[in-house]
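A.B. asks: One structure coming up, written as structure tokens, with questions to follow.
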Amino acid sequence: MAAALKPSAPEIRKAAQEFINYLNKAVTPFHATQEVKDRLLQAGFTELPESGHWDIQPTSKYFVTKNRSAILAFAVGGSYKPGSGFSIVVGHTDSPCLRVKPISHQKSDKFLQVGVSTYGGGIWRTWFDRDLSVAGLVIVKNGEKLQHKLIDVKKPVLFIPNLAIHLETDRTTFKPNTETELRPILETFAAAGINAPQKPESTGFADPRNITNNHHPQFLGLIAKEAGCQPEDIVDLDLYLYDTNKAAIVGMEDEFISGARLDNQVGTYTAISGLLESLTGESFKNDPQIRIAACFDNEEVGSDSAMGASSSFTEFVLRRLSAGGSTTAFEEAIGKSMLISADQAHATHPNYSAKHEENHRPAFHGGVVVKVNVNQRYATTSTTHAALKQVAFEAQVPLQVVVVRNDSPCGSTVGPILATKLGLQTVDVGCPQLAMHSIREFADTSSIYQATTLYSTFYERLSTVLSNMQ
């Protein structure tokens with residue numbers, strides 16, 4: 001039972017290590033989505049085209065992607081009929097990071113540099129003095145066709161050095177200018193052969209597909225090599241910087257996870273793992289619900305995109321799953337449904353104890369955290385909290401509760417967005433962590449097992465729990 005397991009238990013260690021194996025590959029939303037897709041295919045899921053016809057059958061398993069950076073997987077219960085409900089767990093694939101600008105070539109004092117944009121609310125000071133690599137999606141032309149290529153350089157190729165303290169006028173604070181001081185070094189003029197003869201620019205029609213003048217040739221050549229093409233074949237790119245220092249299990253008792261992108265690859269991974277685990281028993285054959293795990297992009301910047309939680313993508317999918325019933329089958333299904341928004345939660349920081357509300361202090365190994373905010377920054381209600389408590393009791397997974405101080409700002413999640421857009425009963429939860437939005441975050445090993453077990457039981461038991469609520 002999850003509640004009785006110590007951090008050293010084999011089940012805890014195994015789940016944490018499997019998550020780390022995933023995390024070290026999921027270096028961008030594109031890579032995370034591909035990793036999830038591979039897991040689903042191995043588990044017997046069928047990919048559905050968003051633009052094609054769907055023929056949904058009971059006890060079958062499917063998934064659909066959006067922009068290659070968001071994915072929605074669903075397993076149709078054996079007793080499902082249009083108008084039955086949805087059991088949904090939602091995470092997101094993105095994290096605060098630096099992303100390469102469309103025109104990235106920069107240089108200063110005999111260094112070639114790469115221009116980057118800040119994505120989300122990162123702790124940007126933590127990106128200094130790190131061995132950075134680059135990964136993402138590259139679109140190349142092949143005759144009249146455009147092909148998508150997923151690339152990961154893996155090797156450290158970029159570096160943002162700190163200014164020596166001897167040159168600082170203010171040695172007590174560090175607030176870098178994110179436009180002028182957050183510019184990664186690529187290489188020196190000397191190494192680049194900057195004085196070598198340059199190819200003359202064409203004076204004819206400028207092919208808009210050719211981006212060779214937008215980036216340093218050395219940088220674009222590196223990307224082209226990874227994509228298996230020539231630099232002039234690259235039409236566009238969507239590249240992310242990341243720390244090459246891999247995630248790991250750390251601590252004297254091996255009880256912690258240290259790594260990048262815990263917010264929110266933990267939510268994405270455990271949502272999918274919970275779904276897959278729920279399908280191994282007999283409950284799926286008799287379940288009237290459709291079990292759904294959704295992983296959206298762009299949560300860190302407000303979710304307002306085609307692949308974000310604010311789009312109509314989720315509604316369109318749910319409506320298609322309700323097709324074939326009465327004209328109000330979709331609306332009927334919403335009333336029989338519940339959604340868990342799985343996004344990381346703040347553990348109580350031992351060095352900043354006063355930042356946390358005195359009676360709501362999530363701890364490592366203390367269980368999945370339920371987020372409550374009366375101003376609707378989180379979507380949890382007493383009804384959804386009670387339903388989750390019943391699920392947690394049956395799963396034997398401990399729960400914690402977090403409320404922010406009245407004099408403190410509060411973050412938010414996709415929970416209120418989807419609750420508002422779809423009218424879904426929603427509960428906001430997350431696994432406790434420290435250093436949220438740093439380039440390297442810190443969590444406990446127990447969370448992966450606890451969250452996976454909770455979500456698996458949620459999928460298996462939700463229809464019964466809801467039917468027993470009066």
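Backbone N, Cα and C atoms are what each Cβ position is placed from, and that goes for glycine too.
Quick paste from Swiss-Prot:
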BINDING   His92, Asp263, Asp343  Zn(2+) 1 binding site
BINDING   His166, Glu299, Asp343, His346, Lys371, Tyr378  substrate binding site
BINDING   Asp263, Glu300, His437  Zn(2+) 2 binding site
A.B. asks: Of the binding-site residues His166, His346, Lys371, Tyr378, His437, which sits closest to Asp263 (Zn(2+) 1 binding site) by Cα distance?
C.D. replies: His437
A.B. asks: What kind of secondary structure is Glu300 (Zn(2+) 2 binding site) part of, going by DSSP in three states?
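C.D. replies: SS state of Glu300 (Zn(2+) 2 binding site) = helix.
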A.B. asks: Rounded to an integer, what is the Cα-Cα distance in Å between Asp343 (Zn(2+) 1 binding site) and Lys371 (substrate binding site)?
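C.D. replies: For Asp343 (Zn(2+) 1 binding site) versus Lys371 (substrate binding site), the Cα atoms are 10 Å apart.
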A.B. asks: Cβ within 8 angstroms of the Cβ centroid of Asp263, Glu300, His437: which residues besides those meet this for the Zn(2+) 2 site?
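C.D. replies: These residues sit around the Zn(2+) 2 site: Ser95, Pro96, Gly120, Gly121, Gly122, Asn264, Gln344, Met436.
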A.B. asks: Of these binding-site residues, Asp263, Glu299, Glu300, Asp343, which scores lowest on Cβ atoms within 10 Å?
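C.D. replies: Counting other Cβ atoms within 10 Å of each of the binding-site residues Asp263, Glu299, Glu300, Asp343, the minimum falls on Glu300.
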A.B. asks: Using the structure shown, find which entry in His346, Lys371, His437 (the binding-site residues) has the sparsest Cβ neighbourhood within 10 Å.
C.D. replies: His437
A.B. asks: With a 10 Å radius around each C-beta, find which of these binding-site residues (His92, His166) has the fewest other C-beta atoms nearby.
C.D. replies: His166
A.B. asks: Between His92 (Zn(2+) 1 binding site) and His166 (substrate binding site), how far is it from one CA atom to the other, in Å?
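C.D. replies: So the alpha carbons of His92 (Zn(2+) 1 binding site) and His166 (substrate binding site) sit roughly 42 Å from each other.
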A.B. asks: What number of additional C-beta atoms lies within 10 angstroms of the C-beta atom of Tyr378 (substrate binding site)?
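C.D. replies: If we count other Cβ atoms within 10 Å of Tyr378 (substrate binding site), we arrive at 29.
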